[in-house]
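Participant: So TrEMBL lists these for the protein:
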type	residues	note
COMPBIAS	310-326	compositional bias 'Basic and acidic residues'
DOMAIN	149-285	domain 'EamA'
REGION	293-326	region 'Disordered'
TRANSMEM	38-59	transmembrane segment
TRANSMEM	93-113	transmembrane segment
TRANSMEM	147-166	transmembrane segment
TRANSMEM	178-198	transmembrane segment
TRANSMEM	210-230	transmembrane segment
TRANSMEM	242-263	transmembrane segment
TRANSMEM	269-287	transmembrane segment
Amino acid sequence: MGGAGGAKAYGAVVLIRVMYSGMHIMSKIALDQGMNPFVFVFYRHTTAALVLIPIAFALERQKTKPVTLRIAGKMFVHALYGMESMKLKKLHGNLKVAGILCCVAGVTVLAFYEGPMSRSFNHHRLFQHGSSSSSSSGAGTYSKNQWVFGIFLMTLSNILAGLWTVLQGPLIEDTSKLMNTTLQISCASVQAFVVAVAAERDFSKWKIGWNISLAAIIYSGVIVTALSYYMQMWTIAKRGPVFLAMSMPLTLIFTIIISSFVLGEAVSLGSIIAGILLIGGLYNVLWGKSMERKDDDTNKMGGGKPGQEVQDKEQARVPDDAAAKV
């Protein structure tokens, strides 16, 4: 699937999803201990910006291209006509469609079916968060409206994340990956500050101590927002935005496993079924893309042969026609 470069890309997306899973677990603990989610997002992006700005300034100030209107227009046009073809008459196109449908089915099962709860892998929780019943009973502690609203937010989050991923494709062709990451995170930090101030006016709740909240902020800011964003840019440059976007279901799988061990949370049958469907869908899409790459390579290697054969045949007819005239 692309040699050493392909193996690095697969390793990168797995590592990125593990990083995100760790962030979900640590942020869950921090929020359960009373931290405001909007303030947490602000601290997360600000930490990442403080890490990346001096690095980007030192490494990229002499070779960075300015972001012009042409580049912005290129992003918009690429987003309009899309960057992925299905080719339903080809086997790899059908595999990708089947994979996407499996992922949709997995999300649907996760949203509307819980099923019986299995026992946790770890009965000795490392962190006490919320009530004991909330840790073990999953969705049963939430009202139906809260559950539906949570699914809506999760779906919206993934749609926006997918849109962001696709937009990076044309953008990183003309800008430095490091500078691109730094600028986006810095802008996100300013936006998060405005939202956090509007949502939480009591600045006493902005205080953080030497606790899990500080650890969650540092981990989320440095490892996830700074490092993994740059890794995502690299992956998009190597394999395209769809390759990265289709790895998102792995975050759910890793989060379920880690939360069961670290938080002692029980796993529902619905989550297990959803995980199987998501993994199957992801495998189908990646299998289809691998076949598509092989077809493209074959077509490129043999692209000049049909025309060359016609030209050879026409040249072969010339002596015959000349002999006939004589």
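First residue shown is number 1, and so on along the chain.
Cβ coordinates come from backbone N, Cα and C, glycine included.
Note that TrEMBL annotation is computational and uncurated.
Bear in mind that the values here come from a model prediction, so they are computed numbers and not experimental data.
Could you give the neighbours, burial and distances for every feature on this list?
Facilitator: The DSSP breakdown of the domain 'EamA' (149-285), given as helix, strand and coil counts, is 114 helix, 1 strand, 22 coil.
Residues 36, 38-39, 41-42, 44-46, 48-49, 52-53, 55-56, 59-60, 64, 67, 168, 171-172, 225-226, 229-230, 233 of the same chain sit 6 or more residues outside the transmembrane segment (178-198) yet have a Cβ under 8 Å from a Cβ within it.
With a cut-off of 8 Å between Cβ atoms, the residues of this chain six or more beyond the transmembrane segment (210-230) that come close are 16, 19-20, 22-23, 26-27, 29-30, 33, 35, 40, 43-48, 51-52, 127, 177-178, 181, 184-185.
Long-range neighbours of the transmembrane segment (269-287) within the same chain, counting only residues 6 or more positions beyond its ends whose Cβ lies under 8 Å from a Cβ of the stretch, are 1, 92, 95-96, 98-107, 109-110, 113-118, 138, 242-243, 246-247, 249-250, 252-253, 256.
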